[in-house]
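Annotation source Swiss-Prot lists domain 'tr-type G' at 15-197. Sequence annotations record features per position, and here Swiss-Prot assigns GTP binding site to D27, H28, G29, K30, S31, T32, N144, K145, I146, D147 based on sequence analysis.
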Amino acid sequence: MLKCIKHEYGIKNMKSIRNFSIIAHIDHGKSTLSDRLIQLCGGLSEREMSNQVLDSMDLEKERGITIKAQSVMIDYKNKSGNIFNLNFIDTPGHVDFSYEVSRSLAACEGALLVVDSTQGVEAQTLANCYTAIDMNVEIVPVLNKIDLPNSNADKVAKEIEDIIGIPALDAIRCSAKTGEGIEDLIERIINDIPYPKGSINSPLQALIIDSWFDNYLGVVSLIRIKNGILFERDKIQVMSTGKNYYVDQIGVFTPKKLNKNQLRCGEVGWIICGIKNIIAAPVGDTLTTAKNPAKNMIIGFKKIKPQIYAGLFPLTSDQYEMFRDALGKLSLNDASLFYEPENSVALGFGFRCGFLGVLHMEIIQARLEREYSIDLITTIPTVIYEIELINGKIIYLDTPSNFPNMNDIKIIKEPIVECSILSPPQFLGSIIKLCIKKRGVQINMVYHSHQVLLKYNIPMNEVILNFFDELKSVSSGYASLEYDFKYFQSVKMVRIDILINSEKVDALTILSYHKNAQSRSREIVDKMKKLIPRHQFDISIQAVINNSVIARSTIKQLRKNVLSKCYGGDVSRKKKLLQKQKDGKKRMKKIGNVNVPKTVFLSILNSRES
């Protein structure tokens with residue numbers, strides 16, 4: 001039986017502290033393992049326990065994924081009777097949330113590499129593990145789900161050694177579901193993961209590893225004390241801005257919020273200091289005391305730039321201010337979310353937002369709609385292009401409607417990503433066909449015992465929309481994907497403008513690879529013809545490249561039968577009525593506006609269908 005105790009402050013020896021992350025692929029059991037550690041170490045009573053304790057967002061529980069990094073502090077008494085203070089951080093596994101993983105690793109000395117013993121190593125496991133190795137974090141391999149009948153721990157241990165290249169034959173074998181092997185795991189954490197380095201007597205240095213906004217308390221920051229001690233009521237300084245604040249509250253999560261009067265060197269906890277401005281405590285910044293400030297900032301994790309961009313517009317204009325405030329609060333929670341105001345003739349006022357991937361975009365949109373009750377229209381996602389103009393100037397653009405005239409452009413370069421795909425060998429042919437269809441170039445192919453590791457360079461524009469879905473489809477769900485930006489490469493792209501009755505609709509302007517331009521244009525034009533309601537006059541829909549129409553369709557007018565009351569008589573009377581109607585339609589077309597409902601844009605701009 002585990003000898004675990006409820007949290008009580010009093011561990012003054014840094015050698016008794018262990019800070020570690022749990023990194024793994026989606027659905028390999030990291031959140032369940034976190035729950036088991038909390039339950040067995042007395043963090044919560046049986047009544048307070050629920051599945052996925054650390055996945056606090058409803059979206060996380062619904063999708064069965066972890067989005068935000070969560071921290072917990074528990075105490076453990078080992079077999080020798082010594083008390084150890086364990087701080088662990090549950091991290092996401094999806095490729096779009098890798099920045100959360102790097103953030104957690106910056107606060108740790110060790111990481112549990114959790115691998116499902118029924119599935120083996122996945123591409124994202126590989127990426128996260130290499131990130132941990134680059135950050136000099138001690139890796140402890142853990143083979144989970146050994147209680148399942150199809151578990152093959154020996155095979156998976158060999159896979160870890162072959163593919164990742166770290167020793168794994170003595171990896172901890174456990175079941176987060178039943179609790180088997182958890183005691184051995186905790187002992188391994190204590191023995192293998194090094195204690196924090198730092199000096200309790202040095203000036204305070206605290207790394208902000210996460211922040212979120214509380215409607216009542218303001219900004220709450222999760223911090224790791226690298227040097228010194230932080231006391232309640234201390235006057236602290238944010239080193240990047242030089243601004244000073246008084247500490248109102250400090251404490252730890254057990255996972256319940258527990259107030260303390262100090263945080264010591266090596267510990268991970270939360271801090272509230274009355275910050276109301278959501279950009280005043282940026283993630284990755286360093287806190288120090290105003291009285292005795294540290295000389296240097298802590299070198300934190302690499303700040304990750306957005307990979308894709310899309311326009312977000314409220315369905316009704318009266319929600320704009322609420323939308324702006326909501327984005328401000330979400331951006332504090334999410335260091336990679338970028339946004340700036342954007343104005344569209346068709347969609348009104350909104351924001352141009354930067355995301356790490358399509359899932360990241362969907363999560364942000366879902367949170368805005370659910371937590372803030374804002375109905376949104378999202379434009380088709382695009383990537384950043386490097387453009388060299390005729391005059392030699394180089395610019396970077398992500399908005400198709402802002403692209404200069406094609407005659408002024410010398411070279412367009414698109415971002416290329418290196419995709420690492422792990423799959424069983426039987427799906428290799430289908431995956432290679434898919435990569436070729438997406439304009440991919442094969443870099444490497446390595447056969448391991450039961451899996452093949454494929455490396456392809458593919459344009460990011462092809463990857464961000466539905467490549468992941470198609471990959472899962474052709475591999476029956478077995479293939480996994482991880483990608484990383486490599487370089488810009490010249491490409492022949494064209495800008496397609498959509499015109500309705502000769503008026504350009506900026507929200508529908510897209511960039512396309514020149515060979516796909518005709519089919520994409522025809523697809524959008526045909527879709528619009530079905531969705532736009534008929535008017536009293538003809539509506540022409542055109543797709544245009546450099547003033548040349550490459551696709552066109554016409555929505556025929558609604559036409560009243562003006563001859564319904566003419567039962568006979570002179571034919572000139574009928575001609576006169578028809579001519580009068582024709583002249584009226586001409587006048588109406590000149591002065592009439594085409595009413596395009598916003599629901600039409602919602603349907604056309606659906607990224608999955610586009």
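Quick reminder: no glycine exception, Cβ is built from N, Cα and C everywhere.
Feature map: Swiss-Prot annotations on the structure.
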residue : record           : Cβ neighbours (10 Å)
G29     : GTP binding site : 23
S31     : GTP binding site : 27
N144    : GTP binding site : 30
I146    : GTP binding site : 20
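In the three-state DSSP classification, N144 (GTP binding site) falls within a strand. Annotation note: S31 (GTP binding site) sits in a helical segment as assigned by DSSP.
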